[in-house]
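The compositional bias 'Low complexity' annotation in Swiss-Prot covers 24-40. Taken from Swiss-Prot, the feature compositional bias 'Basic residues' covers 196-205. Taken from Swiss-Prot, the feature SUMO2 cross-link applies to 118, 120. Under the heading domain 'Ubiquitin-like', Swiss-Prot lists 337-408, citing sequence analysis as support. Here Swiss-Prot flags 41, 73, 79, 81, 116, 187, 190, 193, 303, 379 (among others) as phosphoserine, drawing on similarity to another entry. Residues or ranges marked as phosphothreonine in Swiss-Prot: 305, 307. The annotation region 'Disordered' is assigned in Swiss-Prot to 1-113, 141-205.
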């Protein structure tokens with residue numbers, strides 16, 4: 001398309017030496033590409049790009065390429081014929097015409113409709129949707145205004161006064177107002193202002209400071225005075241012991257319920273008192289030996305050493321009392337008779353235990369030995385009847401406490 005450009009000018013005269021050979025440049029840098037300018041545009045941004053491209057292309061100067069080889073020297077008075085002889089042989093080269101630089105102002109660019117009527121009818125216009133406002137935040141309006149003042153617009157961004165954007169903005173504002181009105185209607189009470197919150201906060205701080213001050217005053221009153229000659233310790237090291245008045249301990253009585261046969265006995269008892277007191281009380285109440293008293297809680301036999309606290313007894317709990325039958329040892333003991341033997345003198349009295357099946361001769365011999373009257377002839381009488389010593393207490397119907405008289 002383009003050929004290398006010829007010489008740009010002659011060298012200065014005055015020296016007889018020949019011209020210096022210049023370095024040959026590559027044809028790619030020495031050629032100019034044809035730049036087509038689209039005069040039909042619907043935005044000013046494309047015009048600016050074309051202008052900048054043209055300016056960048058003009059800054060690159062194309063250096064002429066000269067054929068290698070020495071060039072004949074020329075005198076100051078050389079003529080046209082001499083200059084023609086000095087040129088190298090070969091076909092003459094046509095100089096490339098330099099194109100005129102075309103600079104278009106944004107205001108001078110003609111506005112030509114790009115689309116025909118059919119194309120406009122088939123275009124899908126931007127819908128009036130509020131979701132598009134997210135793609136066009138409010139901060140971009142300032143950028144659009146700045147671009148409008150400088151005459152540049154972002155590619156693909158709508159114009160500042162586009163009707164669809166203003167319509168979306170107005171719709172968004174209306175919906176926000178509606179939601180705010182609904183929120184105010186739904187809320188029974190408006191939220192407290194930050195001023196009221198700060199007042200509440202200051203009141204709470206004042207109350208806390210008053211409480212702390214009172215506690216410090218109380219601590220200063222209760223803390224003992226430090227002894228003289230000793231350094232006062234820090235507040236953190238102080239230990240205050242407050243001893244209250246010693247009150248006499250009042251034992252708490254626990255009403256224990258005891259069921260025996262058809263009777264229900266209520267016995268006040270301390271929680272730490274053993275159940276032996278219950279056994280003694282029931283033995284006295286029933287007129288039997290304490291060894292024959294058995295306490296049961298449900299089906300569990302209770303030990304006399306246990307306490308209501310260890311057994312975890314409550315007010316509604318009832319203890320059963322059972323009277324056991326007499327044991328064989330008790331039967332034998334009951335068969336023993338306590339008989340009194342009385343002599344002439346008051347001091348000659350002796351109490352002797354004798355079995356019902358034992359003869360009375362044993363009692364007589366025991367009395368003679370105890371009183372030192374062995375060898376003497378003594379007579380023993382029971383209810384006016386003289387005893388020979390071969391009788392049995394059971395045959396005579398004797399009981400414990402009966403009296404036998406001695407004469408001699």
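Each residue's number is its place along the chain shown, starting with 1.
Note that Cβ sites are derived from N, Cα and C of the backbone, with glycine treated the same way.
Values in this document were obtained by computation on a predicted structure and should not be read as measured data.
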Cβ packing number for residue 307 (phosphothreonine), 10 Å threshold: 16
Neighbour tally for residue 305 (phosphothreonine), based on other Cβ positions within 10 Å of its Cβ: 9
Under 8 Å by Cβ from residue 379 (phosphoserine), counting only residues of that chain that are 6 or more apart: 386, 406, 407, 408
Averaged pLDDT score, the domain 'Ubiquitin-like' (337-408): 84
Residue 379 (phosphoserine): secondary structure state under DSSP, collapsed to three categories: strand
Tally of residues which DSSP labels helix, strand or coil - the compositional bias 'Basic residues' (196-205): 10 helix, 0 strand, 0 coil
Which same-chain residues, if any, lie at least 6 apart from residue 303 (phosphoserine) yet have Cβ under 8 Å of it: 275
DSSP residue counts for the domain 'Ubiquitin-like' (337-408), split into helix, strand and coil: 15 helix, 25 strand, 32 coil
